[in-house]
Structures are given as C-alpha cells and as structure tokens.
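Worksheet: one structure, shown below.
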Amino acid sequence: MVTTEVKAREGRRTRRGGNARGAPSRWIAPVVTIVVVIALWQLVVVAFGIPNYVIASPVDVGRELVASWDMLMANLWPTALETVLGFLLGNVVAILIAVVFVHWKTAERSLFPLVIFVRTVPIVAVAPILVVIFGTGYLPKILVAALISFFPTLVNMVRGLEAVQRQTMELLRVLSATRRETFFKVRLYTSLPYLFSSLKISATSSVIGAVVGEWVGAQEGLGYLIIQSTFNFNVPLLYATMVVTSVFATLFFLLIGFVESRVVTWAPKTEF
Amino acid sequence: MTVAASTRADPDQADIVLDDLELTFETDRGRLTALQGVTTSVASRGFVTIIGPSGCGKSTLLRVIADLLEPTAGSVSVLGVDPEEVRRARQIGFVFQDAALLDWRTALDNVKLPLEVGGGVPAGTEPADPVAMLELVGLGGRAQAYPHELSGGMRQRVSIARALVCNPRILLMDEPFGALDEITRDKLNTELLRVWQDTGTTIVFVTHSIPEAVYLSQKVIVMSANPGRVREVVDIDLPFPRPADIRESQRFATIAAHLRGLLEG
C-alpha cells in the first residue's frame, strides 16, 4: 500500500511537468476577474455615494478586517471547531452507513427512502430543533454541520462502492476473492474519487451548517457575529465576517482537494 | 475440414466437456434461452474458438465454464470435475473484453492480484513469477506503469499476464482483442499463439472476427443465435507454427469463406 502510493506520486510528477507551463495563464484570468469586480464595487459605492450602513465599500471592509482582526479570529475558532468536528462526524457516519448498505441490501432498501425524505427537510428548519434539544453550546452546531455533510457523502459513497465494473466483479469471482478482499482491495479504491467529490462539497457546506447553527443561538462564532453586526447596522463588520467565513470555507475546501490529490493518484486529474 | 458437430469426445482426453447444456435467463420480457442443447468438448492443450453473431450465447458459454454462471440443465465438466472446484483450485484464467485492470495498481501489482486474493495459489501448485509473466507478454519494461499510462493493447497484455500468473490449465478469453485496432490485434494474435505454445494451456477464445478465429484455433465452434446453439464445429487444419502471412494463403481464405457461409446462412 505504502509503496504503491510512493510509486503513484512518481508517475504523477512526470504528468505534472506538462501542466506546469500552462499554469500561469490558468490563474491569471480568474485573478483579473476578481480584481475587476472589486474595483467596480468600490467605484459604484463611491460614484453613487452609497452610505456604508447600506453597502460597505471594499476599502471599508479592508479597514474593518484590520481593525477587528483579533475579534474576527476569536470568533473564527469556535466556528472552525464546529465545522471540522461536524464534517468529521457527518462524513464518518455516512461512510460507515454506506458500507453497511452495500453489504446489506435489505438495510439499503428499507432505509434509503427515509434518508431521502430527511434530506428534503431544509437545514434552517432543523437547526432550531437541535438548539432546542441540545442547548446553545457547540453540540447543536456540530450536529447541523454533520447533518449537512452526511447526505451527499452517503449517496456518493454508496454509488462509489457500487461503481466496480461488472467485469472486475467477475474477475474477483474467478479468483474466488472473499467479500472482505473485494471490499478492501477493490471497492474502497473505486469509491475514493466519489468520496472526495462529496467531501469537497461538504467541506464548504459544513461551514454553512455551523454558521446557520450559530444564527439560531450562540454567544460566539462567525454566525453570531453576522447576526450581531446586522442588528447593529455595522455593515463593514458584517462584510468582513463574510470575507473571513468564505476564506475559511475556501481553505478547508482546498485542503480536502490537496488531500485528494495525494490519495487519489490514479484518477484523471479533476479541476476545482 | 471435418465437420464434427455434437460429437461426444472422450472425457479422458478432453479438458472441457459440455453435455446438452441449457441456460435460460428470467428477464422482464419473459424467459430468454441463452444456450440450448450445447454439446461439445475442448481437448487438453487445445485452442478452440467460439464464433457467432451477437446474442448467440458465446460469452455465456464461457461464463458457464468459468463457474460465473450456472446452467439451467445439462452438465459441465472441467478437468473431469465441477467448474466450481476448478475455479477454487485456480486452474482457470479469464481474460475479459475490457482488460479490467485495477487503476490504482501498477502493471506488476495487477499481475500479482490473483496471488493476493481468494487464498492465493492452492498448496501444491507453483505460481508463475509475475515479472516473468509480464516479460512473457512483452511488457517487462513497463512493470511500474499504471493502466492509464498504457495503451489498450498493453492493458490487454497485462490482463493476459494476470490470467496466467497462477499457471492455470485453462485460459478463457472473452473477445479480448475486440476493442483493439486491427494491426494491434494481429500482433497480439501472433503473440498469443507463442504464449499458448510456451505455456501449454488449453485456450477457449470467444471472438466475432472470422480471420482471428481461423488464424488462432485448431477448432472453431460456430454458434447461432435465438436460441444459442452449436451450429457446426470446424477443424482448422492449418499447420503450426502459423506465420502472419498465412492469412494470405488460399487455404486460409477457403476456411474463412466456409465460416462466413455458416454465420450468414
């Protein structure tokens, strides 16, 4: 296993060599777009004289980011903690249930409709219920983040574990492979690209889960800060909180993407 | 050219004996008879090709021999015993149309797969050296390559090496070169005959290419569809070893024309 991964990385390096030359042009376009959008935003706010309690200009937001940095960071940690723990909880449970479903069809058939039904309940409606049950501590936020991570991973993981080609399954049968061998040597690997595509989705959505959980009832966290700054018409702080939240979500997403590139070394490279 | 349809061969000399085999599938649109009254045999160390139109049950037949499907009626005997026993004893190698390689394993690690699962090679039998198997199929230099780094022909070579690594007495091949271009296919045909001669394995090869069937085999089983049954068994009396240009010979053309007539008629 370990040697396989090392070899995989070697193979990858040679492939990347070709990509490296094309890389700058790939990054320039989106960066230019972002700069232009921010410049336009500043221009509109200044040109129309929009007060900063309605729309904050990029400069205001930048100033607020610097001024309130310590407070923003102090509120980032609880949200980050809830996000990561919720992400782990939701995904681990989803993966385990997917493994059960794949090996026990009756469970899948009887529980999957329920899963689909629960999935249709909007997360903003579930959050207050969890806060009522579990109070205003970390737990309900972790659970909201877990819940929001759970469904895409369950669905994708089941699909991934079952995505083994028919001829590969026949090969395993010819080789008299056990279910355990089939799982650990084939199904698990086959599922990884599917798993990571849902992990990347839930990396960003678990941040949403934690923030929504904090909206309902919290004394700290980015969600709490959003609610507070809205009530106080502190629009620059609201925007600054939004920036911190999305930067955090993006970093979390990129981290998962990085882990994917280290683990799934054999699949065609995916753009994100 | 001897016509020997529905001849019952002596089980002592045959590796595979099929007797009045029938297989029906239950589908949404009722019963489907994939195989009916199939009686034939494959001699030890023989090279037999099964040819026929789509839906004639040739792949199904191969899967019955490999213990991937169970016949509804009739009997199958492989190496004198039940196919399941032969499968468990690792005496069957199977090559699929799609190479069915594991993308996350190198060529060499793919070849090693049979040694790692299903209890590996049974006691008393000697597995082949995976590296030597890759060399046998001409891929000694690409042992560390991943499937996505290999061409379709190379992937199929790896899958042949994998099928041979347990030193099986029987090699079943289900249109293994069907997805390849003609030049690659001809080349692999030549190499397959060499591998067959080197290993002494009994080969049953499914194809829908007439030239491929004529070039490779000692005996061609021609099947017809709906229901799938043996139409005729044609002996190919071309001498071995067969050079590539045997395909241009008159004898080759005559046999091919005969097969074509059977398939169209």
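Glycine too: its Cβ is placed from the backbone N, Cα and C atoms.
As recorded in TrEMBL, the features of this protein are as follows:
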COMPBIAS  A:1-11  compositional bias 'Basic and acidic residues'
REGION    A:1-23  region 'Disordered'
TRANSMEM  A:31-56  transmembrane segment
DOMAIN    A:72-260  domain 'ABC transmembrane type-1'
TRANSMEM  A:76-102  transmembrane segment
TRANSMEM  A:114-136  transmembrane segment
TRANSMEM  A:142-161  transmembrane segment
TRANSMEM  A:194-217  transmembrane segment
TRANSMEM  A:237-259  transmembrane segment
Spatial neighbours of the transmembrane segment (A:31-56) far in sequence, C-beta under 8 Å, 6+ residues away: 64, 233, 235-236, 238-239
Cβ-Cβ under 8 Å with the transmembrane segment (A:194-217): same-chain residues at least 6 beyond its ends: 78-79, 82-84, 86-87, 90-91, 95, 123-124, 127-128, 130-131, 136, 140-150, 152-153, 155-157, 159-160, 163, 223-224, 226-227, 245, 248-250, 252-253, 255-257, 259-260, 263-264, 270, 272
Remote residues contacting the transmembrane segment (A:237-259) - C-beta distance under 8 A, at least 6 residues beyond either end: 56, 60-61, 64-65, 68, 72, 75-76, 79-80, 83-84, 87, 196, 199-200, 203-204, 206-208, 211, 222, 225-226, 229-230, 272
